Amino acid sequence: MLRDIPVFEEFFTHGEDCLKCETREEFVDALRRLEANPDLRERLGENAKQTAADHSLDRVGDRLVKQYERLLGENHSGTP
């Protein structure tokens, strides 16, 4: 569960790897849903772990290095 604010839009998807909430009532409802539905808890938890792994510093760093290598390779080959 997390607050439904713009900073999370890029990383999390409501119902897939989190439950986004804005009001206190939405947080209470989300807690009740998770309490009543172990399958939902399990699915959201597993998906959230994968989302966190996909955005770890190591993975983000690796993607950044590959992007720089690609750009440098294009620059040296004369293609934009």
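The backbone N, Cα and C atoms fix where each Cβ goes, glycine too.
Where the annotation comes from TrEMBL, it is an automatic prediction and has not been curated.
Source: prediction; values computed, not measured.
Over in TrEMBL, the protein carries these features:
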DOMAIN    7-64  domain 'Spore protein YkvP/CgeB glycosyl transferase-like'
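Under DSSP, the residues of the domain 'Spore protein YkvP/CgeB glycosyl transferase-like' (7-64) split into helix, strand and coil as follows: 40 helix, 4 strand, 14 coil. The average pLDDT for the domain 'Spore protein YkvP/CgeB glycosyl transferase-like' (7-64) in the predicted structure is 93.
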